[in-house]
Amino acid sequence: MAVNYSAKEEADGHPAGGGPGGGATAGGGGAVKTRKPDNTAFKQQRLPAWQPILTAGTVLPAFFIIGLIFIPIGIGIFVTSNNIREYEIDYTGVEPSSPCNKCLNVSWDSTPPCTCTINFTLEHSFESNVFMYYGLSNFYQNHRRYVKSRDDSQLNGDNSSLLNPSKECEPYRTNEDKPIAPCGAIANSMFNDTLELYHIENDTRTAITLIKKGIAWWTDKNVKFRNPKGDGNLTALFQGTTKPVNWPKPVYMLDSEPDNNGFINEDFIVWMRTAALPTFRKLYRLIERKSNLQPTLQAGKYSLNITYNYPVHSFDGRKRMILSTISWMGGKNPFLGIAYITVGSICFFLGVVLLIIHHKYGNRNTSADIPN
């Protein structure tokens, strides 16, 4: 129903007078001021308004239309999600039978590093490009103090922030009277396990090529993260700084390739994008399909070699490796499809119930008989 309010020609609400001999005056002739709002449609709350009237003729079709739209969309998303290949290995080593159990109690400074190997079998081939992720559980990257513990100016290559990091980085701002680069708790806790994948055929191990470039967002790689400005090599540019406390080597030694070293190292950039939930995964490597005639990872036996550097047992965390393909909607996530199907089904069911009620009671006389 449309309800229109039109401003009528009315008095402005101010006291009459102001001319000679008319109206109240104060102190010799000024008009008495008033706090009453002006007589306008806006200030007097007379703007046009529209209010829908909910009838069976409008509500029932809306329920059925929503149901008929949401259910097919949900089925399509759910089927697409189920077609994504995914394989997950938990290599925390909590179980005594796990090959990585010997590495469970490693610390940040454990030398030599602990290594373990987990053999597994892929029942189905992975046809398209494969994405390798590492996953952590019970790790709260969304903690307020943790999220703030970084210096974006330093990470963007500002030379003054390099030698004088933000106080938000405390207690990982300086070490031994030298500024830490990169500073903060996020950088200090960077994931540093090394994962290697091998295909086993006829007792022969063949290394799977893992691509380490292209795993970070373009805007992060080219805009948010920059190395310090200067013409020298990274060792000279980072002179006067020290590495994070838990790192085994400084930031300018993260990679041998200049375009993937320092603050623009893609493993580092991926880690610095904090997760919203305590159980998360981050992209580690890419496995590209080399031939349209051969699957990227064919069904068969594989082994995962792990250099176990990252301690999680102290906070009851878990670590895992995930191999996954993707689709137009991203990675495997059945929740979205289930949500669409559920909402569509509820709307369709309510439409049927309300249609029955309307058919049974809609034509009854609603006027009340008042006895004499």
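Using N, Cα and C of the backbone, Cβ positions are placed for all residues, glycine too.
The region 'Disordered' annotation in Swiss-Prot covers 1-36.
For the topological domain 'Cytoplasmic' (1-58), the model's pLDDT averages out at 65. Positions annotated as topological domain 'Cytoplasmic' by Swiss-Prot, on the basis of sequence analysis: 1-58 (among others).
Annotation comment: Swiss-Prot describes 15-31 as compositional bias 'Gly residues'.
Taken from Swiss-Prot, the feature transmembrane segment covers 59-79 (among others). If one looks beyond the transmembrane segment (59-79) by at least 6 residues along the same chain, the residues whose Cβ comes under 8 Å of a Cβ in the stretch are 329, 334, 336-351, 354-355, 358.
Annotation source Swiss-Prot lists topological domain 'Exoplasmic loop' at 80-336, citing sequence analysis.
Taken from Swiss-Prot, the feature disulfide bond covers CYS100-CYS116 (among others). Around the Cβ of CYS116 (disulfide bond), the number of neighbouring Cβ atoms within 10 Å comes to 17.
For CYS114 (disulfide bond), the same-chain residues that are 6 or more apart in sequence and have a Cβ closer than 8 Å to its Cβ are LYS102, CYS103, VAL106, THR307, TYR308, ASN309. CYS114 (disulfide bond) carries a strand DSSP state (E or B). Among the features that Swiss-Prot reports, disulfide bond is placed at CYS103-CYS114 (among others), with the record citing similarity to another entry.
The feature N-linked glycosylation site is assigned by Swiss-Prot to ASN105 (among others). The C-beta environment of ASN105 (N-linked glycosylation site), restricted to residues of the same chain at least 6 apart in sequence and closer than 8 Å, consists of PRO311, HIS313.
Marked as N-linked glycosylation site by Swiss-Prot: ASN119 (among others). Secondary structure at ASN119 (N-linked glycosylation site), taken from DSSP and collapsed to helix, strand or coil, is strand. Sequence-distant contacts of ASN119 (N-linked glycosylation site), defined by Cβ-Cβ distance under 8 angstroms and a gap of at least six in the same chain, are ILE200, LYS301, TYR302, SER303, LEU304.
Positions annotated as N-linked glycosylation site by Swiss-Prot: ASN159 (among others). In the three-state DSSP scheme, ASN159 (N-linked glycosylation site) is classed as helix. Same-chain residues at least 6 positions away in sequence with a Cβ under 8 Å from that of ASN159 (N-linked glycosylation site) are, in sequence order, PRO228, LYS229, GLY230.
For CYS169-CYS183 (among others), the entry in Swiss-Prot reads disulfide bond. Here the Cβ of CYS169 (disulfide bond) has 24 other Cβ atoms within 10 Å, regardless of which shown protein chain they belong to.
Taken from Swiss-Prot, the feature N-linked glycosylation site covers ASN192 (among others), and the record attributes it to sequence analysis. Mapped onto three states, the DSSP output places ASN192 (N-linked glycosylation site) in coil.
Among the features that Swiss-Prot reports, N-linked glycosylation site is placed at ASN202 (among others), with the record citing sequence analysis. Reduced to three states, the DSSP call for ASN202 (N-linked glycosylation site) is coil.
Within the same chain, no residue at least six positions away from ASN233 (N-linked glycosylation site) has a Cβ under 8 Å of its Cβ. As annotated by Swiss-Prot, N-linked glycosylation site applies to ASN233 (among others), with the evidence given as sequence analysis.
What Swiss-Prot lists as N-linked glycosylation site is ASN305 (among others), and the listing cites sequence analysis. Taken residue by residue with DSSP, ASN305 (N-linked glycosylation site) is part of a strand.
Outside the transmembrane segment (337-357) by six or more residues, the chain places 56, 59-60, 63-64, 66-71, 73-81 with a CB less than 8 A from a CB of the stretch. Sequence annotations record features per position, and here Swiss-Prot assigns transmembrane segment to 337-357 (among others).
For ASN192 (N-linked glycosylation site), the Cβ neighbour count at a 10 Å cut-off comes to 17, with all displayed protein chains included.
Per Cα geometry, ASN192 is the residue among the recorded positions CYS100, CYS116, ASN192, ASN202, ASN305 nearest to CYS183 (disulfide bond). Closest by Cα distance to ASN202 (N-linked glycosylation site), from the disulfide-bonded residues CYS100, CYS116, CYS169, is CYS116. There are 23 other Cβ atoms within 10 Å of the Cβ belonging to CYS100 (disulfide bond). Between the glycosylation sites ASN202, ASN305, the minimum number of other C-beta atoms within 10 Å of a residue's C-beta occurs at ASN202.
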